[in-house]
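Copied over from TrEMBL:
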type	residues	note
COILED	21-55	coiled coil
DOMAIN	218-264	domain 'CTLH'
DOMAIN	445-511	domain 'RING-Gid-type'
REGION	113-146	region 'Disordered'
ZN_FING	445-511	zinc finger
Amino acid sequence: MTEPTLNFHIQTHQTQFKIPVELIKKNFKSIQKLIEKQKKQLTEDINKIKKIKNLSNESKLELIQKLIKNFEIFNKKLINSIKKDEEFRSRLIARLENLQELEKFVIHSDVKTNKDKDKNNDNNNSSSNDDDKSNGNSESTDEGDKVLDLHNPNLINWYRDETNLLIIDYLIKSNTRNEENVGLLLLKSLSESNNGKLMKLIDYDLFENFNKVFVSIIQNHDLTLIISWFNENRNALKKINSNLEFEINYCKFLTLIENGDINEAINYSREHLSSYGNKENYPDEKDNLNHLINLERLKSLGGLLVFRSMEQQQEEDLQNSNQLTFSNKLMINSIQFKEYQKLLSNERWESLSQCFIENFTKLYGITKNYPIYIYLSAGLSSLKTKSCYHNSENTIFKDLNTLSSDNMDTDKLQDLSDEENIVLSDKKYRGPNYYYQLLNKINNCPVCSPELFKLSQNLPYAQLITSIFNNPFKLPNGNIYPFDKLLSPNDKYLSEKNTLLRLNQIKDPLTKEIFSIDNCIRVFPA
């Protein structure tokens, strides 16, 4: 079914409810821990006051006042946690109400209702069991096939809000600036005109925190935020067999080596990295893969220390104008030395960032891809045809190989190549955009657009089982036209086409090339 249905939107919006639910669970656990900690601390303090009988009344009063202050701090933390819980629940309610609005835009067809009644009457003649099944199926079909009215202006506004949310989600997550997030600025500006509705439909605070951690890793090479995030979610990460702690310690160790702190790096590896080589520290069978990967990476660290010390010795010798020994020259110019140098490249930060993304998406049950990419991919694949990206078969594009095969003079070939270097050398100009430019037309194909061509490049082609042309024929140059259009000339070219038809020839309307009708091939949709 090509029309949007209510069931389709419910399925696509399921992920919107996962994050608030996980946040509510996480907040509830923190409230439990807070209460237990306060209860334990309060009991211990009261018992201390009771045990010490020699305390003066003033000292007891001070201790009691201290208890009251601690309890007030606890009360403030508890109130903040309760407010968070209310906020998360309000997001769930707002998103549920947002989906319930679609009920107003459902098409109610009387004809469809009459048909369903006729079907139910026919089913009454069958057995009672079959009748129950058919009624159940018809009810489920009605529920799943509620078509929305695209001509309803309120539905268009609903789609506009959803599109804005997709854009905001993308901008918040993909932000690379250390300054204020562009996605948050857009969200605030749109919420002012929307009575704050959009603020409830997206978990902007969580995505903002995610983006800050990601930027601190990939750009700033700072481990402060990722360590804080790991400590905050340590218990949940253990349940999903996370390897994030090793990645953090691994990056910290390599950073110490990169800064020249060899001794500190050795001590750090003994304390934080050596345990990852022991299989006993991986009790879960699912951690076997992590153990093997971590073990291989740990094996390379010892050699890195040796080569790094030799590199430092080389720098000292060069500063003191001393000649390098033969063994040092041999080791520094070896392939292994270059491999160890790769360990100090930015690959370790990329590996850490990818591990963080995987853990983050697992914790909250969301996809790694941007939601806007998923919707765009679905739309682009339905529009993508085999004519997208290239029209190299069309003779309007001059192929350098074809020109060279025609025994053309080398100087002329070079001159032509220099004059039309864009067409001959750069493949991207051989696509539809440049094709339309030569014809003084505009290519409105979104698949071929500069903004979306990379995203659609690896998508499958659309399954086109019908043709937009009536009796399509392919010319030798690759262009396809309805055969009736080729045989019925316009008034402007009436005499010319009549002459060509008498000679059993036709003319390409775009390239002005003339071909024999016998060389034209009838084509069929893929």
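Positions of Cβ are set from backbone N, Cα and C atoms, glycine also.
For the domain 'CTLH' (218-264), DSSP puts the residue distribution at 34 helix, 0 strand, 13 coil. Sequence-distant neighbours of the coiled coil (21-55) (same chain, 6+ residues past either end, Cβ-Cβ under 8 Å): 63-64, 66-67, 70-71, 74, 77-78, 81-82, 84-85, 88-89, 92, 203, 206, 236, 363-365.
A mean pLDDT of 89 is what the model gives for the coiled coil (21-55).
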